[in-house]
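According to TrEMBL, the protein has these features:
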COMPBIAS  602-629  compositional bias 'Acidic residues'
DOMAIN    99-164  domain 'J'
REGION    580-666  region 'Disordered'
TRANSMEM  12-32  transmembrane segment
TRANSMEM  66-88  transmembrane segment
TRANSMEM  192-213  transmembrane segment
Amino acid sequence: MAASEENSSLFLIFILTMIALPLVPYTLVRLYRAATQKKKTIHCRCSECSRSGKYRKSIYKRISNFSTYTNLTILLLWVIMVILVYYIKHISREVQPFEPYNILGLEPGASESDIKKSYRRLSILYHPDKNPDPEAHKYFVEFISKAYQALTDPVSRENYEKYGHPDGRQGLKMGIALPQFLLNIDGASGGVLLLGIVGVCILLPLMIAVIYLSRSSKYTGNYVMHQTLSTYYYFMKPSLAPSKVMDVFIKAAEYMEMPVRRSDDEPLQKLFVAVRSELNLDLKNIRTEQAKFWKQHPSLVKMELLVQAHLTREPITLSPPLQRDYKHMLELAPRLLEELMKIALLPRNPHGHGWLRPAIGVVELSQNIIQAVPLSAKKATAGNSEGIAPLLQLPHITEATVKKIVRKKVRTLQELRDMKVEERAELLTQTGGLSAAEAQDIELVLEMIPTLTLDVTCETEGEEGGIQEGDVVTMYAWVSLKRGNGLTAALPHTPYFPFNKEENFWVLLADPVSNGVWLSQKLSFVDETAAITAASKAIQETKEALGASAKEIGVAVREAVEKVKSGCRLVMAQGCKAEPCRDEGGPCGGRRRAAAAAAAEDGNEEEEEEEEEEYDDDYESEYSDDEEDDQKKKKGGSKAAAANGSSRGHQNGAAASGSEDEGDDE
């Protein structure tokens, strides 16, 4: 019995050691990081974002922030460790070494008469004939009788006094750090052990595999349904206009599976009346157009009305079920738009390039949804090819406010940013009719808007006379970000989007004339560690391929790390073949101009550092009434448009100021 308890104790000590070895240092590291980490406010601090409640740290949010899987796992492991320590100490107290003198209450070396007197005294207390208690009987048999026998037998007593054990010298005793039921495989314990082995080694992996396969057969790694990707792929066309991207977006299987209830009819009818002007209905045949709209699949009608209600910021009261559908629609939107963007960029044309036109439309729709700005706000106005969408992203700015400040010749967000603080405050308060507090909110948001700068370098191996047609070129594009408030990573101004949204940028190397995208990459300025690792690895591999020395590679990697820490991100393209330039100037020594677009996926309109070149006229005129303008093309040009608030559009999540650098792609 003592041996089995000792084995159980060894097993618990083994488990305790295995838990403590990684847990203690990991906990200390996390506590040190938590104590030394400086808390920065990276979200927008305007009153609209504050009222949205997304960043309010209530007691429930504090608990939810702590209740991460990692923290709960650490806490659970510490609780298990405390229980194990207590249980091991309890077993150690129960498993006492055999001490006959102590059991009989005698001093070592006591005489035989004293041993007999003590034995008779204890017999009166614990003998079964005197004490019917089963525990007393057990103690008398296992301890008192054995102690008396060990001290009254001359050989046993001599062995105990000489070797510490009544049986004499003991051999080396080994313990097994396993629980007793694993060592005793007879009877019921054997069945329990067999069931445990079958359950853990066979049934549990089988269940996990079945669950994983059933889920993976329906969803992608980004938790988007495979059926959605098939639908998006089918409806994605190279000529898909930005204004038509909405029609493809709402066909997602996740949206089509949302229930359409009879109780939704009346609220949806009200939504239709409120957003009818945004549905591109032919006013000359309004009745026919309305009937055609309502004949669509009910889920499509519901989703389009909910999206348009969000874009137009309609304050219509929705029923609780419809409100849940509305929030679920917005929650799914970023993932679905990201997958839609990837499908637009799939290399499907004869040259293996993606399609620029639908990609720009996806970015613009993403910006509109995150910022809750109507699609019609992109319609070009006098003196402003981008429409009023960028200005509507600012807090407290409405169409009426824009009309007032336009009278003062301030038509674009860039013109508003270029003004002095005092002049801007005077314009917003006296002309725009805003209060001083509202003007201050606008200043806070303008400080969050980043300025993007694109620095492109091209090189090729073993060419001294410049890059010629047909050369294999490696392109390095460093995208740097600056903000007025000094932050690099920040959460965008998104008061109408009920969920936290990171600021993301899409960098596109494309040709507006051929509608081709040669290179695309999504950038984030939040995770600096991942950016350092990616940039270092890319620079090292490229330099090694070009035959650089170890010293040159080390210098290049260190420079890349410093750039990333200063707020830059690297975009690389390897294996590009230089082609002849197609500008009206004719051949240009193997150089060609391309459109390098850094498009803000979520955020405010970016600040432009250089005079911005427009997209093709057809991109710009999707929201105008002139259908013929959709077919006009601008001449090719190299352009960097900010993607997190695209250079020409507003962002859907982040205040992004983008630079448009006109560098040649060599």
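Just so it is clear, glycine is given a Cβ too, placed from its N, Cα and C backbone atoms.
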Give the mean pLDDT for the domain 'J' (99-164) on the 0 to 100 scale.
79
What parts of the chain pack near the transmembrane segment (66-88), using Cβ distances under 8 Å and only residues at least 6 beyond its ends?
9, 12-13, 15-16, 19-20, 23, 26-27, 30
Secondary structure composition of the domain 'J' (99-164) [DSSP: H/G/I, E/B, coil]:
49 helix, 0 strand, 17 coil
Grab the same-chain neighbours of the transmembrane segment (12-32) for me: Cβ-Cβ under 8 Å, and only residues 6 or more beyond its ends, written as numbers and ranges.
74, 77-78, 80-81, 84-85, 87-88, 91, 177
